[in-house]
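Down below is the structure, laid out as structure tokens.
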Amino acid sequence: MEKFASVAALLLLLLCFPVAFSGHDYGQALSKSLLFFEAQRSGVLPRNQRVTWRSHSGLTDGKSSGVNLVGGYYDAGDNVKFGLPMAFTVTMMAWSVIEYGNQLQANGELGNSIDAIKWGTDYFIKAHPEPNVLYGEVGDGNTDHYCWQRPEEMTTDRKAYRIDPSNPGSDLAGETAAAMAAASIVFRRSNPVYSRLLLTHAYQLFDFADKYRGKYDSSITVAQKYYRSVSGYNDELLWAAAWLYQASNNQFYLDYLGRNGDAMGGTGWSMTEFGWDVKYAGVQTLVAKFLMQGKAGSHAPVFRKFQEKADSFMCSLLGKSSRNIQKTPGGLIFRQRWNNMQFVTSASFLTTVYSDYLTSSRSNLRCAAGNVAPSQLLSFAKSQVDYILGDNPRATSYMVGYGNNFPQRVHHRGSSIVSVKVDRTFVTCRGGYATWFSRKGSDPNLLTGAIVGGPDAYDNFADRRDNYEQTEPATYNNAPLLGVLARLSSGHSGYSQFLPVVPAPVVRRPMPIRRPKVTTPVRASGPVAIVQRITSSWVSKGRTYYRYSTTVINKSSRPLKSLNLSIKNLYGPIWGLSRSGNSFGLPSWMHSLPSGKSLEFVYIHSTTPANVAVSSYTLA
């Protein structure tokens, strides 16, 4: 009888959680997750496109505004390109590659991950045609949601919306700066020219965001109904500064975090969410990393407050805080009814990287309930991913195409309408609702890898196309999961997160450092010549730094009354010039540069000479 009772209990457990003991193929889930980004591509699809039921779309985007905005990603199940969630998506994909590049490569997905990032950054370059102009949306959510059409033949409005000094958007510009800075790290070795281009855009976007402050949805008002910036823009300014410091090692951005951490809420907000709108937990995690790496310097007291808030976020996820995050009976993080899964994947990523940061620094997580081993954070992330992949009360995989039981009627225009390659019959705006949206059958196109909105607070889920709160996918659901899946595929043990994880180039015997006395002179028009030379170099913490002396020569027969210099690709401090915004001029004590005389200024950074050029000058 006792044996029968034990067997019955086991059968009951298996009925409740039929896949709980099966384990998951995280590498397969990773590969599928990347396919979803290809399904979301807008523009001219490449020849190596693997999601073959999709075709070219949005080929005139930006044309009416006189700018080329072809490309980028549709954010979810509609055909609008929303800049804020798209930028967050790219930032999180880049962060995944930065932290877990080796694991992505081991799974054969590093190349696809980098391609997914570049599809976004190529678009952002187009969307940022001037230093203080950024296009933040193409299409209108209201008119788009009135229609149910394939992206390849949409008839909805494709108006482009932008921010500029008169219509600012610090949150949008800041997040895009973060995306470009993070991506520049990804391309630093494989494509250094492209990496420098991305970093230049990041510098400009940060300056734009910081100088002209305002919420983007006050300028692009059509975004308010869909992606309202509830948190404001302070979190994005801190987030962008953190990424620019990581990308450039420029002390200015570290100082920005130290000076503004308190005033902008970075050290004050104890968060219970992280996502496309609220970045504080992400900032706190990155700044805690800088502190653990010993980079805080004089800002250590402020950075410790950042870390305390990062700890608070992690503890709340583990249920070891005075303010814990709600979970479903099955153990899933629950934040809101609509697309709750976005908070699950983003929190899982933060707990994963923070676990490895703590392990690397030989530290424990400090919670109100006591110290917690870093491994518990990784175990928590694993529990959330396993729930997504099927270990839940419904035994449902919330990743389309993974497992045997996944959503079949996804709230997604492209997947729910027969491919244009199969049936070229035009689908009208309202006809799409009548014919395709309302049908009860499974989607004709499999949206492989998509993470849908997920279950409610009680683990319930209804697989219906009209149930957009639960069945609509989004790119920012998938992006954080890339890093988590890559990390879990490598096992459950810790490793040093501060070692390079992007595959290193072949190591060769180092060549002696060449110290050219004079570089090629940079000449402007007429009488002003510029000569640069290296005067000294030294090695600190494995990095070589150079002191550059730059001489500005007045070759005219008349005094040089005023001078404006443009200095690009400068990643360190500078002395001997006055600065106004992005322009440099004669030092305040020098009213003019006499004929035949020269002016010297110096700067320090760890790379090749900065690009110094004359913007304008006046002769007396």
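Positions of Cβ are set from backbone N, Cα and C atoms, glycine also.
Here is what TrEMBL says about this protein:
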- 1-22: signal peptide (SIGNAL)
- His411: active site (ACT_SITE)
- Asp463: active site (ACT_SITE)
- Glu472: active site (ACT_SITE)
- 528-608: domain 'Carbohydrate binding' (DOMAIN)
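If you measure from the Cα atom of His411 (active site) to that of Glu472 (active site), you get 5 Å. The active-site residues listed here are His411, Asp463, Glu472; among them, His411 has the most other Cβ atoms within 10 Å of its own Cβ.
Residue counts for the domain 'Carbohydrate binding' (528-608) under DSSP (helix as H, G, I; strand as E, B; rest coil) come to 0 helix, 51 strand, 30 coil. Taking CA atoms as the reference points, Glu472 (active site) and Asp463 (active site) are 10 Å apart. This prediction places the mean pLDDT of the domain 'Carbohydrate binding' (528-608) at 79.
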